[in-house]
Amino acid sequence: MKPYLAQARSWASLLQHYGCIKKQHMRDLFAADPQRFDKFSLIFNGILFDFSKNRITEETLKLLLDLARERELQQGISRMFAGEPINNTENRPVLHVALRNRANRPIMVKGKDVMPQVNVVLERMGKFCDRVHRGQWRGFSGERLTDIVNIGIGGSDLGPAMVTEALQPYAKSGFRVHFVSNIDGTQLAETLKTIRPETALFVISSKTFTTQETLTNAHSARNWFLRAAPDDKAIAKHFIAVSTNRSEVEKFGIDPCNMFEFWDWVGGRYSLWSAIGLSIALYLGMENFEQLLEGAHEMDKHFQETPLKQNIPVIAALVGIWNINFLGAQSHAVLPYDQYLERFPAYLQQLEMESNGKHVTRGGASVNYATGNVIWGAPGTNGQHAFFQLLHQGTPLITADFLASAESHNPLGEHHQILLSNFFAQTEALMKGKDEAEVRAELEEANLAKGEVEALIPHKLFDGNRPSNSFLFSKLTPWTLGALIAFYEHKVFTQGLIWDINSFDQWGVELGKQLATTILPELQGGEEVNSHDSSTNGLINYYKRIRHL
């Protein structure tokens, strides 16, 4: 059994090392070593990962790699790929990697190779998408189905929604895709205003097919549809299920022949590679969905086979642990300089925060070190005019990932070069900052009075020394996106192994759902509620007083 993390020898060495270098500025590290970029950057199949703008030295990296070895990282990676039940609180394997196992090597679960099942579902998806795209699968009116409506929440929504937006340039001509996740009826109502029952194809995505939000939205969508359809039989042409629960799918009224399955060893936030990605394949075409899988598979091989020192997910995870546990960063911004990646930060919020937002070890002991951090972000350059002020001059230490492509899908004049000039400038500014001498020289050059110069200097100082990573790739393609998503998955897994937490359960989402089940019947009628604390009682009772005003 591994020792408690804070008792690990390498952890103590890192603490001592931090004490020695905590006041070093990255400006000086770059000035002292012209080869710093070469030493602290890696390239994977054309994707550049630059981590040189972090407050690390070669000794830091050596000690972090020692930590990874002491925490038996390589063995943990092998256990996941071997199909061992590493999700220990649910006694399940974690095999999203099997879903994109393009080499088709056997992956065993309880003595049975899962790959034949995976391949059958992929083949069914391909045939179904082909029929829809060719117009062979038509609606009750005989019209082609052109509006794909994905109804799901969490992993059944965030991944497919992010991927379809990111890869819009690859969309099938004549098709639109819509996503409904929120129980707030507004989202479904506004979506239904934009489509026609005759051309709508609803994909109901729910692992259990009992998720309250998804089933409520699905029933409302069905009721809307049946008001236009000739009879219940029309449902068979317009409603598809993606689930593990055949009986609940049948109970809803969907023909099991129209159900695409996946398995309990696929976690929700890791499920876009499965039949949950059906809306992706319908919108982009199966060939592009398979390219997404190919990119992820290549990153899987890199993660599994590459020595730790050249292993991009491992290095990113270790640098993240350094920033979180030693520098004290509690917030991490994801900043894609690509409008198509607008949903990428929201996708990573679930991936990282639901995976590693844990307060006990795998063995149930309380941790006394930080695990995970707050993930957020927005596309550049929008963020520069909104929250970058805090990144540059605020008191919290906020680390960041910058992502950009060298080539735009929409080359308009100098737009892309201007975009990338900002991408490069922001990472340099966060690292370098601007000291008093530079500020003073600028102000004096502007011919300001001496008193005005002195008054403005503190406001125009940039401390710099703010850590960031940069990802630069040729073009945002299905393959590239697949590799990037898999990179983040493996980074999260690596950090979970180091912290000795289970990155694959999510018990933290349960309590609120349980309480909501209790509260829902209390919202009926006009009786005053007094079964909760005074704040919750007060909120419920005020709602009941004003709801019909």
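Each Cβ is built from the backbone N, Cα and C atoms, and glycine gets one as well.
Pulled from Swiss-Prot:
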type	residues	note
ACT_SITE	Glu354	active site, proton donor
ACT_SITE	His385	active site
ACT_SITE	Lys513	active site
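Annotation note: His385 (active site) sits in a helical segment as assigned by DSSP. A gap of 37 Å separates the Cα atoms of Lys513 (active site) and His385 (active site). A gap of 29 Å separates the Cα atoms of His385 (active site) and Glu354 (active site, proton donor). The Cβ of Glu354 (active site, proton donor) lies under 8 Å from the Cβ of Arg269, Gln506, Gly508, Val509, each on the same chain and at least six residues away in sequence. A sphere of 10 angstroms centred on the C-beta of Lys513 (active site) encloses 11 other C-beta atoms. Within 10 Å of the C-beta of His385 (active site) we count 9 further C-beta atoms, all protein chains included. Secondary structure at Lys513 (active site), taken from DSSP and collapsed to helix, strand or coil, is helix.
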